[in-house]
Amino acid sequence: MSKTYHFIGIKGSGMSALALMLHQMGHMVQGSDVEKYYFTQRGLEQAGITILPFSEDNITPDMELIVGNAFRENNKEVAYALRHQIPFKRYHDFLGDFMKSFISFAVAGAHGKTSTTGLLSHVLKNITDTSYLIGDGTGRGSANAQYFVFESDEYERHFMPYHPEYSIITNIDFDHPDYFTGIADVRNAFNDYAKQVKKALFVYGEDDELKKIEAPAPIYYYGFEEGNDFIAYDITRTTNGSDFKVKHQGEVIGQFHVPAYGKHNILNATAVIANLFVAGIDMALVADHLKTFSGVKRRFTEKIVNDTIIIDDFAHHPTEIVATIDAARQKYPSKEIVAIFQPHTFTRTIALLEDFACALNEADSVYLAQIYGSAREVDKGEVKVEDLAAKIIKPSQVVTVENVSPLLDHDNAVYVFMGAGDIQLYEHSFEELLANLTKNNQ
C-alpha cells in the first residue's frame, strides 16, 4: 500500500538515499531542508521529489515523518510535530524496521563504508533484484527485491537499531571526537553492533582493534596476510586499476579486477567477495560485475578541466587522506600530487592535528581551506587552520575561495580536493580560474 513520507532534512546523504528508495517503491515522497545547495539534491530533483523550505505547513496528518539525525527540537518542523504529538521516526530507527523485510547486507567501519556499500550494491544488483542505500545519497528501491544493501553508521551509535543478516566492518579508528571519548569507546560501540549481526561478519583481519570484536555469529577475517580466512594475493596495481586473486582455506576462489585505485579499494573488494562467497553467490558473476564498477559520488571523483586533472574526495580523516593520495599516485605515478584540504569540524581538527599533518605530508604540495565547523559546534578560537599549516613539512599555504590562484604554480600536477564541508566551492573557483585563463589565451 502506497504511503506519503515527509523527510525533515532530506538533503542528508542517508536521508536522500532513503527518499529515492521509497519513491522508487511507489510511495509519495517529499522533504524539507536548508536552501544551501548540497550534492545529494541533484538526484532528488531528477526523480521529481519536491524539496521545500522548512515550514509547519509542510506537515499534514496523513504523512509519515522521517527526521534526519542532525535536526533537533529547535527545528520548526520537529517542534511542530512534538507540540501536536505527531509521531515521527529518526532515520536510523526507520531503517532498522525497514530492513526486516529483506535479507540485509550492512557495511560498517570508520572508513570506506560508502565505497564498499557502493561496490557491494553494484555487484548484487547486477546479479539479482536488490534494493540499496548508499551514503553518497544514492538509493534504489524495489518492492520485489530479496536483498537490501545499506551503509551502517557508528556516529552516536546510530547503527544500534540494525540487525542485519551479514555485515562487513572495514576498520575501527578514532573519529567523531565530539561524541566518542577515545578508541576504546569506538571499539565498544562496534562490539555492541557486531553482537546484533545474525549470520556472519566480515572484518579486516589486520586491524588490531577489530580483532578484539566478539560476536555470536561467525567472524570471517579478510586481508593480505596469511592467517586470514579470505586472502588477497598476486596483486598488480596499474594505471587501469587493480588485479588480484582471493583464496579461502587454501583454495583459490577467483581472479578479480577492480577499476579502482589504492590498497584500500583492494581490501574493500575482498570484503565484498568474502561476503558474497559465504552468501552463496556465484564467484564468476561477482568477478564479471566487479570489473564494471564506476565508483560512488565524492569518492575519488575525477574530471578534466582544460587539460588539468581534478579529483574530488570526501576524505576528512587522516587515514582517508593517506588512502586517497595513495590512489592518486597509483593512477598518476608521474605527476605531482597537489592536495587541497579543508578540515571538517574544530573538534576533529584539535583531536587529530598531528595526524592530519603527517597524512598531508604524503602529498607533494598542500593547500588548506578554512576549517568547516559543523552545525553542532561553536568556534571557540582553540584551533586555526594556520596551526595545521605550521605542522606540515611539505610546501603548504592557506587559500581562500576568492583567491585560488596559488594553485596555478604547478606543472604536470593532479589536484586532489578533499573534505566533508564546502571544499567543492574551492574546487569550483579553481575550475572557473582555469576556464578564464583559457578564454584569455584564445
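Any Cβ shown, glycine's included, is placed from N, Cα and C.
Taken straight from Swiss-Prot:
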type    : residues                                 : note
BINDING : G109, A110, H111, G112, K113, T114, S115 : ATP binding site
Chain-internal residues near H111 (ATP binding site), provided their CB is under 8 angstroms and they sit 6+ positions away: T170, N171, D173, H264, H317, T319, E320, A323
S115 (ATP binding site) CB neighbourhood, other CB atoms within 10 A: 27
Count of other CB atoms lying within 10 Å of the CB belonging to G112 (ATP binding site): 25
CB contacts for K113 (ATP binding site) [other CB atoms within 10 A, all chains]: 24
G109, A110, H111, G112, K113, T114, S115 excluded, remaining Cβ within 8 Å of their centroid (ATP): V107, T116, T170, N171, N268
Densest Cβ neighbourhood among G109, A110, T114 (binding-site residues), 10 Å radius: G109
